[in-house]
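Undergrad: According to Swiss-Prot, the feature active site, proton acceptor maps to GLU106. Taken from Swiss-Prot, the feature domain 'Radical SAM core' covers 112-350. The disulfide bond annotation in Swiss-Prot covers CYS119-CYS356 and rests on sequence analysis. Feature annotation from Swiss-Prot assigns [4Fe-4S] cluster binding site to CYS126, CYS130, CYS133; the stated evidence is sequence analysis. The feature S-adenosyl-L-methionine binding site is assigned by Swiss-Prot to GLY177, GLU178, SER211, SER234, LEU235, HIS236, ASN313. The annotation active site, S-methylcysteine intermediate is assigned in Swiss-Prot to CYS356 on the grounds of sequence analysis.
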Amino acid sequence: MVPELMFDEPRPGRPPRHLADLDAAGRASAVAELGLPAFRAKQLAHQYYGRLIADPRQMTDLPAAVRDRIAGAMFPNLLTASADITCDAGQTRKTLWRAVDGTMFESVLMRYPRRNTVCISSQAGCGMACPFCATGQGGLTRNLSTAEILEQVRAGAAALRDDFGDRLSNVVFMGMGEPLANYARVLAAVQRITARPPSGFGISARAVTVSTVGLAPAIRNLADARLGVTLALSLHAPDDGLRDTLVPVNNRWRISEALDAARYYANVTGRRVSIEYALIRDVNDQPWRADLLGKRLHRVLGPLAHVNLIPLNPTPGSDWDASPKPVEREFVKRVRAKGVSCTVRDTRGREISAACGQLAAVGG
């Protein structure tokens with residue numbers, strides 16, 4: 001029996017309007033509604049995206065008399081950090097966020113020697129029902145607004161600056177949710193993540209990754225948007241028989257359709273596609289599956305594919321676990337033998353349930 005997929009949010013969220021929900025025209029209109037001069041729109045955007053300030057009361061270049069009015073109209077307190085948990089000697093931090101309506105979701109901030117990455121959520125929960133993923137097993141609560149997505153980025157960037165004197169370099173849509181099932185808001189968020197201040201955070205498009213389980217039409221739409229971000233396709237099996245179980249959306253868009261869409265993305269953007277593959281002991285780690293994976297990827301994507309192997313992270317109630325290291329090494333060897341780049345991901349945050357597939361927004 002195919003698990004029920006949820007593409008439509010069961011409880012549509014209507015968080016209050018925030019500056020981060022608005023494009024340049026929207027910001028200008030909001031400022032005009034407040035009876036403020038037009039230049040304030042650019043000034044507010046610079047404070048938010050450039051200086052990472054989300055409270056107008058701290059914006060000293062604004063007249064004191066209008067700060068409260070601007071705060072109420074354009075800077076509602078969308079998210080509250082309900083809990084922060086760290087591991088990896090403080091280099092990994094998971095934040096449990098509570099939205100205005102009580103919805104809970106998570107983001108993860110990771111510091112590396114040469115980069116700093118925030119892993120953000122696009123939905124509260126997920127409707128794709130992948131059996132090895134805690135988020136998917138919890139179901140979908142609702143889509144996040146553009147501002148709720150961007151607030152995770154701003155908070156991560158501000159934490160790096162204030163706590164470590166460092167800068168945010170990478171953003172990955174690999175937290176809770178299927179980003180392409182919340183397409184319009186994710187697209188708007190990506191545009192503002194990559195735009196230069198005062199229109200956005202100024203993160204390089206090449207340092208932004210959007211992950212998907214394989215919503216083929218949306219992958220093509222993302223290609224046509226020509227944002228130039230990295231596409232990560234969560235494949236997890238090279239054959240439809242197994243992928244139907246591991247990634248139930250495969251019952252709607254087969255592997256061939258997902259890979260064809262990925263090839264279209266690579267052709268349009270010139271970007272290499274990352275193929276995500278959670279390696280599960282005795283489930284998808286057989287030598288013949290490594291051979292088939294390499295063969296299919298080489299045929300469709302050639303040098304524009306990179307396999308990112310992920311040792312399966314434990315989740316509550318699951319008997320599955322990661323493949324032994326010798327099996328993992330053999331899998332890598334066989335994929336590479338087919339002419340496809342393949343590496344094993346450096347897993348972070350496993351002990352605080354912050355790693356891939358572990359986010360469940362519990363506690364707090």
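Glycine residues also receive a Cβ, built from the backbone N, Cα and C atoms like all the rest.
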Undergrad: How many other Cβ atoms are found within 10 Å of the Cβ atom of ASN313 (S-adenosyl-L-methionine binding site), counting all protein chains shown?
TA: 21
Undergrad: So among GLU106, CYS119, CYS126, CYS130, CYS133, all listed as recorded positions, which is physically nearest to GLU178 (S-adenosyl-L-methionine binding site)? Use the C-alpha atoms.
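TA: The smallest Cα gap between GLU178 (S-adenosyl-L-methionine binding site) and any of the recorded positions is with CYS126.
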Undergrad: Identify, among the recorded positions CYS119, CYS126, CYS130, CYS133, LEU235, the residue whose Cβ has the fewest other Cβ atoms within 10 Å in this structure.
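TA: Counting other Cβ atoms within 10 Å of each of the recorded positions CYS119, CYS126, CYS130, CYS133, LEU235, the minimum falls on CYS130.
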Undergrad: Distance between HIS236 (S-adenosyl-L-methionine binding site) and the residue listed as 'active site, proton acceptor' at the Cα atoms, whole Å?
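TA: So the Cα of the residue listed as 'active site, proton acceptor' lies 23 Å away from that of HIS236 (S-adenosyl-L-methionine binding site).
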Undergrad: Give me the long-range Cβ neighbours of SER211 (S-adenosyl-L-methionine binding site): same chain, 6+ apart, Cβ under 8 Å, in sequence order.
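TA: For SER211 (S-adenosyl-L-methionine binding site), the qualifying residues are VAL172, PHE173, MET174, PRO179, ALA232, LEU233, SER234, GLU276.
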Undergrad: Which of the recorded positions GLU106, CYS119, CYS126, CYS130, CYS133 has its Cα nearest to the Cα of LEU235 (S-adenosyl-L-methionine binding site)?
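TA: That would be CYS130, nearest by Cα distance.
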Undergrad: Nearest of the recorded positions to ASN313 (S-adenosyl-L-methionine binding site) by CA-CA distance, picking from GLU106, CYS119, CYS126, CYS130, CYS133?
TA: CYS133
Undergrad: Between C-alpha atoms, which of these recorded positions comes nearest to CYS119 (disulfide bond): GLU106, CYS126, GLY177?
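TA: Of the recorded positions GLU106, CYS126, GLY177, GLU106 has its Cα closest to that of CYS119 (disulfide bond).
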Undergrad: Measure from the CA atom of GLU106 (active site, proton acceptor) to the CA atom of CYS133 ([4Fe-4S] cluster binding site) and give the result in Å, rounded to a whole number.
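TA: So the Cα of GLU106 (active site, proton acceptor) lies 14 Å away from that of CYS133 ([4Fe-4S] cluster binding site).
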Undergrad: How long is the line from the C-alpha of the residue listed as 'active site, proton acceptor' to the C-alpha of GLY177 (S-adenosyl-L-methionine binding site), rounded to the nearest angstrom?
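TA: Approximately 10 Å lies between the Cα of the residue listed as 'active site, proton acceptor' and that of GLY177 (S-adenosyl-L-methionine binding site).
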Undergrad: Measuring Cα to Cα, how many angstrom lie between CYS130 ([4Fe-4S] cluster binding site) and GLY177 (S-adenosyl-L-methionine binding site)?
TA: 11
